[in-house]
Amino acid sequence: MSVQEYLDKHMLSRKIEDAVNAAVRAKTPDPVLFISNHMKKAVSSVITKVKARQILDSRGIPTVEVELYTNKGVFRASVPCGDSTGMYEAVELRDGDKGTYLGNAVTKAVKNINEKISEALVGMDPTVQLQIDQAMIDLDKTEKKSELGANAILAVSIAACRAGAAEKEVPLYKHIADLSGKTNAILPVPAFTVISGGKHSGNSLPVQDIMILPTGAVRFEEALQMGSETYHHLKAVITEKYGANGCNVGEDGGFVPDISRQVLPLCLTILVFHIIDQRTLPLTPVREGLDIVREAIGRTGYNDKIKIGIGVAATDFCIGTKYDLEFKSPNKSGQNFKSGEDMIQMYKDLCIDYPIASIEDPFDKEDWEHSKRFCGLGLCQVVGDDLLMSNPKRIERAIHESACNSLLLKINQIGTVTEAVDVVKMAKEAHWGVVVSQRFGETNDCFIADLAVALGAGQIKAGAPCRGERVAKYNQ
């Protein structure tokens, strides 16, 4: 085929002429670059290749990274990993070979992307997110994405979303907002983890984390400053009370001081009840943690502008129908083995004594009755994490039963951008709050920051104002 025949076949002559005319009108100093860019815009973007590899997350555990190619560029995404997988969430595909990364390698998920997903998506328009995500769901054919792996599907979904934004020449958050039908994106309130407990620390704090929420900040920049300053004041408080070792941090940057005080002996408790309000006793590890956070807030001078949140993760210490608040203690007193009603009373007392604005997973993931009762008190935001697992069916039930009033969205629990947008719509239609959340195994990918802004989530939980993979989200 001659050059002229090739030009005629693809109707390039007219397109080149239009590009040259545009360059002349623009009086561009670099006509070659101008014409090149003009020609790129004249051609619709399509996916040309999808290439995956195995990388390590913030804990040194393998996860999936993807590069999605279009004729306009290369777009990268990597996915976070949770510390555990619930029965109601999408399945993260791992190799299971204990001789390699202790069974955590993701080469099967990588292979699925390179050999199956890539073939299915090549030639598709990256702006049609719904069609791309549906193509992967159809290819998988399982309810929980266990064939291809939710980690494989989500990585490609996020990379495609970035490619779509580039094709439209808009910021990522604006493209996601367009996909969701929203017109006004808003910046969220950051929920900074400042103390880690539960299964993520060696102290006796039973709850998973204590957070601060700068609800009084006018701008996100101001909220970030408040969070950082409080975090560093807390470091000083912990150093004074527990020594420098107390300032070691957990996986998401929260401090892990040796909060280990036990309840008062029963005879002393009875004696002191006659002197002090019963509600202030005993001095539990939870109250000890809240006290040092409140002291740090007091040192910043932001008392009226910062609220406290508690991530309980009660499923971790629920035994049957009881809750063992001493599940990490080698010397159990037996006085902290509580019923659901006891837990409700404890939360009520804490909400009276501390500026608590949010409690996450106050009960076991199957304890719908006590979740409903506590939420009905209207004391604070009640966030569903293990209760919901970002699962549409669980969310629908929680809405129907009024078991919580806020969704903790973890995108890898559901597996695609489209499905994440849909569950947020469900929550918002029920007038719930939405908290877009990190996972304990994170990467430097800051997609959830754009997602939180685009969907008007109102809150983002990305960990402490410390550690690069956490701060990347707040900086974005």
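One-based numbering along the chain as shown.
Every residue gets a Cβ built from N, Cα and C, even glycine.
The domain 'Enolase N-terminal' annotation in TrEMBL covers 47-176. Among the features that TrEMBL reports, domain 'Enolase C-terminal TIM barrel' is placed at 184-476. Feature annotation from TrEMBL assigns active site, proton donor to Asp252. Among the features that TrEMBL reports, Mg(2+) binding site is placed at Glu360, Asp385. TrEMBL lists Lys410 with the feature active site, proton acceptor.
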If you measure the residue listed as 'active site, proton donor' to the residue listed as 'active site, proton acceptor' at Cα, how many Å is it? 15
What whole-number Å value do you get for the CA-CA distance of Glu360 (Mg(2+) binding site) and the residue listed as 'active site, proton acceptor'? 14
Measure from the CA atom of the residue listed as 'active site, proton acceptor' to the CA atom of Asp385 (Mg(2+) binding site) and give the result in Å, rounded to a whole number. 9
DSSP-wise, what's the residue breakdown of the domain 'Enolase N-terminal' (47-176) into helix, strand and coil? 54 helix, 26 strand, 50 coil
Which whole-number mean pLDDT does the model give the domain 'Enolase N-terminal' (47-176)? 95
